[in-house]
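**Student:** Per TrEMBL, the feature Zn(2+) 1 binding site maps to A:CYS435, A:CYS438, A:CYS475, A:CYS478. Summarising the annotation, TrEMBL assigns Zn(2+) 2 binding site to A:CYS444, A:CYS447, A:CYS462, A:CYS465. Look at TrEMBL and you will find A:208-374 tagged as domain 'Helicase ATP-binding'.
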Amino acid sequence: MFEDSYPPRVVPVLVPMPAPGPYSYAVPEGMIVMPGSIVRVPLGPRQVAGIVWDGEGGDVNPKKLRPITQVFQCPPVPEEMRRFVDWVAAYTLSRPGMVARMVLRAPEAFEPERAVEGVVRTGLVPEKMTAARKRVLEITENGLSWTRSGLSHASGVSTSVIDGLIAQNVFSRIELQPPPVVAVPDPGYGANALSEDQAAAAETLKAAIDKGGFQSLLIDGVTGSGKTEVYFEAVARALEKGRQVLILLPEIALTQAFLDRFENRFGSRPAEWHSELSPRMRERVWRQVAEGRIRVVAGARSALFLPFEDLGLIIVDEEHDPAYKQEDRVFYNARDMAVVRGHIGRFPVVLASATPSVETRVNAQQGRYQRIELASRFADAALPTLKTIDMRKSPPARGSFLSPALVEAVQDTLARKEQALLFLNRRGYAPLTLCRVCGHRFQCPQCSSWLVEHRFRNQLMCHHCGHHEPSPEACPACGALDHLAPCGPGVERIAEEVVAQFPEARTIILSSDMPGGTKRLRLELDAIAKGEADIVIGTQLVAKGHNFPNMTLVGVVDADLGLANGDPRAAERTFQLLSQVTGRAGRTGKKSVGLLQTYQPEHPVIRSIVSGDRESFYAREIGEREKAMLPPFGRLAGIVVSAETRAEAEGHARQLRRAAPPAPDIAILGPAEAPLAVLAGRHRFRLLVQGEKRSDLQGFIRQLLERAPKERGSLRVHVDIDPQSFL
DNA sequence: GGGGACTCAAAG
DNA sequence: TTTGAGTCCCCG
């Protein structure tokens, strides 16, 4: 008997820390675990949740071996999900435990939800009948069970009436399943009438679902072409087949309108998953997704790591959106990992965008993704007429930033009682402050970029690293008072100009850093949709999928901004942003106009925006990328190592060049160029490492990380996805 | 002598 | 990633 338990059974367990692989734990006698089981294990001085992994427990010093404390009573993490974790870890050069940590992000969800106490009729009748008791009995005639409070509410009696009936055995207490977070969606609830284009596209998607197996599809349709309705049909079909569905959205916290549309189509809301969920809700959603009780989740990128019981479709809406990139700890692009997830789970993945990323277009061109085009706007929604305003010929008055032509257009719009949107992708009041006496420029002490003045907060802020300081009264270099000059506009400064020009108009600024946070922004967006504002001044936030039905003028204050900042994706980003923002106009068929203030009206990006010729943009950009060997072409431009100082970056670069041939191409970039990834925290320099094969680069980076353990913390590796090395 | 800030190694 | 231990420094 004693012998039976020796040697103890040992299993690998993935624990939430950056160890190179799973740790081994002993399984106490009588405990039943299987791969995927979520367990509580001792780890150093604490207890953590981990996932029993596949294979044998590695050989460890038996003295170190400790037993699993407990197996949680929740569904094991499915095989598909475990392969996905392994794949993501290998691809992103992160430790599997850190990826597993993303799966286990709902610590209280591993224990079953507490059952709710309910009551049900026993069949007995009360000795004495009263009016209140009669009402209760009528309502419960059908024999269904009720919660105590629910029943008291429904029958309009106090709970003590029900307690009395329980005491007389007219009702008995039962345990009810905890209530679902959301009702089950009904695929046949509110099917929309589709245009011919839309119907054809929907058929293609449904065929992919019927066929089964992995496939990635791209819905490529101009803004307003009704992509959402199209992929809703795919969602409906997957639901009919009994599969779960994940809809990924960038920044779901702001997309309340999406949830309404879903509800109109399916009769109930999808479950939400994003960082602003309350811990309680997070637990319930996680648990119910694992149990298969939730059929559709609409979530931010982290929803990709929910333990779906039977996922059968992923939609990635606005697939080009940079918000899909996670750039800390585990670096990944949720759009690409969604494709991988679908491949592992053998189901279709649908990407949707009006302005697909160049990578995705290349994938479509090469036949990896099936492209479905929606060329026209839906129903009466007409695309706005777009024009440039040449700022060399029609300059703004001195000290202002809006050209007379744009001011006039705003005036006309107000006169027609319609709304105008002025777009400038720059937060704050002025991007640079300088001293007119000595020429001093305010710079960030941490990362040497310019400090942006924010008048509302009365602060100078670094948009790079978050450093901020109070706005100064005097120049710190020469001490001169009243000679600090703001240079260039931010949205706050445009708002100042607008208020001066149109004092009677109702003006709203929409910028992610306005006080009040997400909640306030949501209210503001609602207010605008209801017509409670005349002029909206906004940063890129306004480009994102909000519907402003009465918006007939979009003015782009600086269409050139972002075209020349050294980022290899600058042209693409600008094209996407300007297409999306001008697409905000004319959603309900009113004649609408987009005006782009520019100093370079002949610039190819500006021209393709104005002419509406998307294809010329993609053709040209794909060609440029190919020439420059940038993503998604040629040599993988995929790995970025950030370091704190240039010397350190050079050290890393030397090491990499010394590493076994073929040595990769390495570029060292300062904060100003900063392409491909946001500089995180204190990291000021980055090496961009290019190589022939992903596996070579992975080798280099591993070596680098191993040889430079002292630099841990000052060294960050970022993987920029190379879509051609997938799968 | 104790507390705070910091670095380091270890966790099965 | 988290933790505890060790070290240094400062302080009536």
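Heads up, residue numbers simply count up from 1 along the chain you see.
Cβ atoms are placed via backbone N, Cα and C, with glycine included.
Curation does not apply to TrEMBL; its annotations are automatic.
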**Student:** Within the same chain, and leaving aside A:CYS435, A:CYS438, A:CYS475, A:CYS478, name every residue whose CB is within 8 angstroms of the centroid of the CB atoms belonging to the recorded Zn(2+) 1 site, in sequence order.
**Tutor:** A:ARG436, A:VAL437, A:GLY439, A:HIS440, A:PRO476, A:ALA477, A:GLY479, A:ALA480, A:HIS483
**Student:** Could you give the Cα-Cα distance between A:CYS435 (Zn(2+) 1 binding site) and A:CYS444 (Zn(2+) 2 binding site), in whole Å?
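**Tutor:** So the alpha carbons of A:CYS435 (Zn(2+) 1 binding site) and A:CYS444 (Zn(2+) 2 binding site) sit roughly 16 Å from each other.
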**Student:** Going by C-alpha distance, which of the binding-site residues A:CYS438, A:CYS475, A:CYS478 is nearest to A:CYS444 (Zn(2+) 2 binding site)?
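**Tutor:** Sorting the binding-site residues by distance from A:CYS444 (Zn(2+) 2 binding site), the top entry is A:CYS475.
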**Student:** Are there residues of the same chain, six or more positions away from A:CYS438 (Zn(2+) 1 binding site), whose CB falls under 8 angstroms from its CB, and which are they?
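**Tutor:** Those within reach of A:CYS438 (Zn(2+) 1 binding site), by Cβ under 8 Å and sequence separation of 6 or more, are A:CYS475, A:ALA477, A:CYS478, A:ALA480.
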**Student:** Across the whole of the domain 'Helicase ATP-binding' (A:208-374), what does the mean pLDDT come to? Round it, please.
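**Tutor:** Summing pLDDT over the domain 'Helicase ATP-binding' (A:208-374) and dividing by its length gives 93.
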**Student:** Let me know how many other Cβ atoms fall within 10 Å of the Cβ of A:CYS462 (Zn(2+) 2 binding site).
**Tutor:** 20
**Student:** Enter the number of other CB atoms within 10 angstroms of the CB of A:CYS444 (Zn(2+) 2 binding site).
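**Tutor:** That number is 21.
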**Student:** If you draw a 10 Å sphere on the Cβ of A:CYS478 (Zn(2+) 1 binding site), how many other Cβ atoms land inside?
**Tutor:** 12
